């Protein structure tokens, strides 16, 4: 068989059209680099975040949040009843159509931004073809590629080969289900959540991480009978215990999610009564629901011929990189979810831009440019929201020693709930500031309560700059707000 011949050589080949890949491609092109971006999902530029992640999830969260607020109206004299949203009140299918149309508009915006920056892009599966790093692309749909040949339509499954001086692997990840569970295929993943054509009357969500917490909160707020199956006693076990306990208790005691603790996970799934599912748990408990959602994590998309170019993986089967995003191959780089460091959209964007600054700007000021992965803020769009930056209380004690740590905590009902006599309507506000050393440097901040995502952004800047508790105290509070508690704690 004759060796493959590249039809065009680029300065930069970017494999993956998610947030990190697009950001790096555009930044490289802004410096004059000749860039080709390859995205496997046909006409779905933007990656997980735009298509099956943070963007459509946040739209669904807004719907759930409004549903929760509906039964607050009576307390403010705007309704004569305080009925909660019931199954059937929410027009799932119409809302899905609107949400999907919004995502489609974003796909188009991503494409236009690439064109405006002079980035060539193609829809197809990329695979390293040889040890030189040439990339073979199998097209995933019929498409015009005017940068190759004006007016010609290239056909689905056609193969094209490209060469690049530098290559970026930004392939992201995919949602998993447990293959060893009998009947696992009867459930869907968090990706499949966005494909549901109708709202399930009852649903089981399996997994205690932020995706499971967010989706179960949305389902319950919109009126579905909701079961959250977890192996331990709390949700969000990778977060500070204050967040774990606050969200677990609120979901159980007030929101009405049936959290099944110490479940032993799922041992078997069977189909019953049409499309309903019978779920047998490891602890012997049995659930019968309309829908099963697996939220048990994601794996890196690595099946692209990495062995041919000497790119190595870590023990979690994620692409191994150094602090400069460089793989074991000096001409191949990687970032985003596929490396598994901090799997957040803004992190991938920041890493991608810094990488292109270093590789293509020609500016010595950027020759050591790389992303600092510490003190990255993250939020959970639960009901209520939660946010975190820095070290948990446990992590801080392990790093600095227990005698060097001081904790400031506050738990209260936000002023918004003052008009409500029924305690079941009130969601908690819980704040924790973790400080280390004699100067009480703030090394962790963990908050639960309404608007936590918006509140955390500004405090994230302060903590990234090395703020101390004294700095917090010296800030004049904005009154009346919940956030003022963070600068008035004693």
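Every residue, even glycine, has its Cβ placed from backbone N, Cα and C.
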Among 216, 224, 246, which residue does Swiss-Prot annotate as binding glutathione together with 19, 26, 110, 353, 432? 246
Excluding near sequence neighbours, so keeping only residues 6 or more apart in the same chain, what lies with its CB under 8 A of residue 19 (glutathione binding site)? 46, 47, 49, 50, 336, 345, 346, 348, 349, 352
Cα nearest residue 26 (glutathione binding site) among binding-site residues (214, 343, 379) -> 343
Lowest local Cβ density among 237, 353, 479, which the record lists as recorded positions, within 10 Å: 479
For FAD, with binders 19, 20, 39, 48, 49, 57, 126, 337, 345, 479, what's the maximum Cα separation in whole Å? 54
Out of 214, 343, which of the binding-site residues has the smallest number of neighbouring Cβ atoms within 10 Å? 343
